[in-house]
Amino acid sequence: MCIYFYFIVSNIKIVLMDAIVSTPEETASDLEEDIKVTRNPTNIRHNESFTSRSTSTTDIHQLEEKMRRKLQFFFMNPIEKWRAKRKFPYKFVVQVIKIVLVTLQLCLFAHNRYNHVNYTWDNRISFSHLFLLGWDSTREINAYPPGAGPLAVYKLDEFYNTLDFAYSGYANISNAIGPYSYDNEDNNMTEPVFCQYNYKKGIINGYNESYEFNSEIVKSCINFSNSEGQLFTSKQYLNDTGLYINFAALVRAELMFSLKTINFRAAGPITPPDCYRFDIAIIFDNEDHDGQMSLTLEAEPYKLACKGDQAYITDNQIDQVLRSILNIFVIIICSASLMLCSRAIYRAQLLRELTNQFFIKTYDRPLSLDGRLEFLNMWYIMIIVNDILIIMGSAIKEQIERNQFTNDQWNVCSLFLGTGNLLVWFGVLRYLGFFKTYNVVILTLKKAAPKIFRFSFCALLIYAGFMFCGWLILGPYHMKFRSLATTSECLFSLINGDDMFATFSIMSKKSPMLWWFSRIYLYSFISLYIYVVLSLFISVIMDAYDTIKQYYKEGFPKSDLQQFIGEASINEVSSGLYRSQSSTSLNAFMNSLFCCNVYRSAYSKIGGNSTFNML
């Protein structure tokens, strides 16, 4: 029984010592005190005795060894830290758990978002067939070049006929295949709202080149109602209500109404149907006043609380609980990762300042810039950024799954979760970088990054010149150069050899001079960037790769910090040398607490040897 109690007490004592020893603040404070009281050998007075001189040199040597061991341990990877100090790799384990949870959360959210966006798009296509006059199936596919021109109205009768067609489709919504209902509890038809946005004054007299104009925009709205049950005519109704449409001053007109529906597609064992309200707006855009009034339909979805049967209520609660648990776990693990990485950055800066003081007092010079940058771990900064993004995205996701939502919330949540997950997987490269075989890519990118930035800046100036030139000259005659954004996209595609023949052939021949200019412009740009710029870009990266290969053979250049640290051999790492930071006062306290000689002797065999107490 006594022996059993002895081993328990001894193990508790060693655990307490390791816990106290592994506190970086205590070790840093001890080193800081040693640095303050230790003198530089060059500052020792000539009248000191040989003994005091030898003692000072010995103290400095011990301080250097202590500092070197601490810095070596600081720059070890998690596996080496476990071998050296039996320090559990908390951050590594947290990152592994975070990758699993975040990826699972993203997969579930991506599946739901795809169903949501696809369902919304399909309903928008259905509404276009039901409420837009002149809509056909060729407009449902994004083809290049477009198979049809923009949907628009060009005559007064077409404008009113479009309003009549939309009202008729809304009034006869029961004829639609989709399970659509009106936006009220008794499913009675609600009155659509027609709004027009006009210039306050807009009169055009083209016959004598005169006009009256006031750029202030005035909004006026009216409800479309047909209480008499006759065929609805928008033109007659607007004239009867006194709402006159002046097309010369009309900027935009909208017809708005709402419909409700239920989606059975996502229903499953634990996923109930979803209820939606679609706010539909048919928009007549006349901002250009060019005789072409474009016609579009927008359908904004809002999720509603369903009133389903009893069987789905329990399943719905189970589904919500499981998703909420996953969101909470993700927020907790990301918060833990955020705190651990923030603490690591803070402690690294404390150690950097301590190392700088050591170099000043010991070598009469501060730590170099490269040495100071060694303490700034950009991987931790990237992890902190992705933790913040994932926490924000998870909070929005939880709000989406609990309350009503809009498309904007889905898009913002996907932006946060997607970018955060991207950075999470980038962070895996940090742990692959601990192995020389996989570290070549990281070192090559790190070596080539400054040259790539300088090279890209120069190439970007040339690119900007071609972009502005093409937009200005070719924009009116070439569909790929209509805007600055499409011009940049076209040029970037040409760099990668995409769709070259179409870019040449689409150019209009209305102006022969511009047609010949387009040939010279495109040939010059393609030749310059494919044969010169891209080749130089690849050569910059290959030069960095060759340099890294040479470093692996002859050794990497080292800063003053790395030269001071040196390299710890595998035997030194596994020898227990780095677990020797226990203080004398702690030993005295523990020995006084367990005063029996047999315990003292046993403790000296376990951890009280000279190697364990050296640092």
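Each residue, glycine too, has its Cβ placed from N, Cα and C.
Note that the structure is predicted; figures quoted are calculated from it, not measured.
The following features are taken from TrEMBL:
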type     : residues : note
TRANSMEM : 92-111   : transmembrane segment
DOMAIN   : 117-307  : domain 'Mucolipin extracytosolic'
TRANSMEM : 325-346  : transmembrane segment
TRANSMEM : 375-397  : transmembrane segment
TRANSMEM : 409-432  : transmembrane segment
DOMAIN   : 422-548  : domain 'Polycystin cation channel PKD1/PKD2'
TRANSMEM : 452-474  : transmembrane segment
TRANSMEM : 520-542  : transmembrane segment
Which stretch, 325-346, 452-474, 520-542, tops the Cβ pairs under 8 Å count with the transmembrane segment (375-397)?
325-346
Excluding the flanking five residues on each side, which residues at least 6 beyond the ends of the transmembrane segment (92-111) place their CB within less than 8 Å of a CB in that stretch?
78, 323, 326-327, 329-330, 333-334, 336-337, 340, 383, 390, 394, 397, 413-414, 417-418, 420-421, 424-425, 427-428, 431
Please report, as numbers and ranges, the same-chain residues at least 6 past the borders of the transmembrane segment (409-432) whose CB is under 8 Å from any CB of it.
77-78, 92, 95, 98-99, 102-103, 105-106, 109-110, 113, 116-117, 379, 382-383, 385-390, 392-394, 396-397, 399-400, 438-439, 441-442
Cβ-Cβ under 8 Å with the transmembrane segment (452-474): same-chain residues at least 6 beyond its ends:
481, 483-484, 487-488, 490-491, 507, 514, 517-518, 521, 525, 528-529, 533, 536-537, 540-541
Between 0 and 100, where does the mean pLDDT of the domain 'Mucolipin extracytosolic' (117-307) sit?
86
